Amino acid sequence: MALVSLTPFSTQPPSLSKGSRNNWFVAYPQPRGLMSAPGKTIEYQQFLSSSRLSKFRRAEQRPSISAVLTDENSDMMQIEEDTDTVAILDLDPGLQPYKDHFRYRMKRYIEQKKLIEKYEGSVENFAQGYMKFGFNREKGVIIYREWAPAAQEAQIIGDFNGWDGSNHKMEKDQFGVWFITIPDSGGKAGIPHNSRVKFRFKHGDGVWVDRIPAWIKYATVDAAKFAAPYDGVYWDPPHSERYEFRYPCPPKSTTPRIYEAHVGMSGSEPRVSSYREFADDVLPRIRENNYNTVQLMAVMEHSYYGSFGYHVTNFFAVSSRSGTPEDLKYMIDKAHSLGLRVLMDVVHSHASNNITDGLNGFDVGQSSQESYFHTGDRGYHQLWDSRLFNYANWEVLRFLLSNLRWWLEEYRFDGFRFDGVTSMLYHHHGINMGFTGNYNEYFSESTDVDAVVYLMLANSLIHNLLLDATMVAEDVSGAPGLGRPVFEGGIGFDYRLAMAIPDKWIDYLKNKKDKEWSMEEISWSLTNRRYTEKCIAYAESHDQAIVGDKTIAFLLMDQEMYSGMSALGPASPAIDRGIALHKMIHFLTMALGGEGYLNFMGNEFGHPEWIDFPREGNNWSYDKCRRQWNLVDEDHLRYKFMCAFDRAMNMLDERFAFLASNKQIVSCANDEEKVIVFERGDLVFIFNFHPENTYDGYKVGCDMPGKYRVALDSDALEFGGHGRVSHDVDHFTSPEGIPGVPETNFNNRPNSFQVLSPPRTCVVYSRVEEGNRERLLKPTSSLFRITKRLTEVSFFFQGLL
């Protein structure tokens, strides 16, 4: 969920020429001054929970998980002894003027971490709050605990006591935690599984209110009642009904190829789809297209469907629209069985303003230290109409860190994509900010150090619990250090979303004619990222698919997508241009824009319509809340060509691992010819964006001498092209200039070869050893059906065991 647009600004490393860029390093002039000290952290001693390993952490299944600090621990100990040494300053000398800032936030992080270790044993223990708070089953009893320090009285009510809490009054301890023990009765639990419950409390003015427990694991609504409130549900199924994971989690890929998906709108029918339907019908498609990671939106419960899952009401609860907790486990296990890792879109930047159903319901006249949220303007996001967490509060830290560990351990997610990080990093939340790259914008009194410390704790925790976790930040500001380890002084994410890239493509598609496109500007925008901080590149995500905007396919072809997509006759000029540029834009973004790639569900085949969730403005319609898979499945429609190319470009990375390579050299960005030539890994890429010109014998530079052949060709017939480039031609290199003297070479490259480059095409060449020619893996129409059937058979036999 984007906040603001980023105005790219970079300086070029002195050692690299403009024509040969390799791993661009964003370096900006820096600020003065240290941010003001934030609110005091409460020292709090609460339940010290013993270490407990869940089943998914058994060594034979997930050997990378460790509950103890390893390499980071030794590095952190050194930092604790000498906070003058901040390694990130050595990576970027431009950060040196902000040494005091980094020392201050490292000091705050270390102090907070030590306090947690002193009173909770460790951050890992601290993050097991779900073992004490909420409902927990112990020997013959259910113990329920809730933090509500401003409440005057409290009760637990539900189906189990006829919604009369007079016999289930709760007690309050010195830390504002209410608790009650509910014994079994007649050999059965005092609260039946799948029964409704609520927390009833009286606030200062004597009024009693009912709220859903903050740590509830499941919440449902009466679908027969319009705008009915949600109810908390006590979820503790018998062992016979619990889903048991069967498959190990796939190892971490060096280059995540992420398929962003929303389960509820993943079906062809205009209704809410289920976790099991997504598992059986959509996951095989994702695997067939050679993605290795699924990023799930809207998993946390949110009462308003139209919020896309970003106004969370119940942080520990699975969204009940798509099924039960056991259904979600089935889906994740199914993904793992296909070799797909699963990331969760986590929203810790804000919470729903909904009082009846959400966490905001506990905020009844409290001070900041008695509430999950800040009070006044600081606790409210003006644009999102949502509440903002008080990250300095002890119990807020427990709640949020435990929330992360809960999703990892209970559901076996492989990592998280953190939403709205820009809003967290700054007191202004990025509102009305056009970030230019000046370091004063990142390190000043506008920096919310409480939030920075929380993110450092969160990343440290996740990487200690799961060494191969993937952590992605949605940050539009380009904050330096966001993607560096905590022990270096960074915030600790593995990747940052390259959010400026889709903005650039939209600007070009809406405002520039084809002949006005600048190859220099495009390549600059794609390579403009911080050295040593990895990015996930994408041409379009869910942001570009929501109603009010248009996808790239829709911007290119618009209404002709409804009438001109038949493959039984020649394509119209608009369709021919649209499909060609759709392939080129996505592939160039993938190949040049980052160290990973992301695509939103349906965009791989150019889904023709936007997403519109049920809301008052569309008469609560589900018509646009779906994906029309039939379009890509129909052999006579051209959607299949874009999908086939998407599959092939992912396979190219599978075969050559070019996204994992540090070698990224743009040797040509010619605005007149409309050609971009670059090397990524050992591959040579040629993109010809000219609408008309064919270049025969076009000379391209390369590093290694030898014989090159086509590895991928967007103009191939199976991708809806015209088949103008021969795949059987050997391209032999010629040496260029004086060896060891780059300025005498062709485009600063020591070798070159000649190619045919038709208009609006991208062709990739790989170096081929004699007798060992690499061949492109062509898509087969039966692969999807085979994959789907094998998975169904596998799950059938598992059910018999």
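The count begins at 1 with the first shown residue.
Just so it is clear, glycine is given a Cβ too, placed from its N, Cα and C backbone atoms.
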Feature region 'Disordered' in TrEMBL, mapped to one of the ranges 1-21, 232-252, 589-609, 778-798: 1-21
Confidence summary (mean pLDDT) of the domain 'Glycosyl hydrolase family 13 catalytic' (278-638): 95
Rounded distance in angstrom between the Cα atoms of Asp419 (active site, nucleophile) and Glu474 (active site, proton donor): 5
Surrounding CB atoms that lie within 10 Å of the CB of Glu474 (active site, proton donor), all protein chains: 23
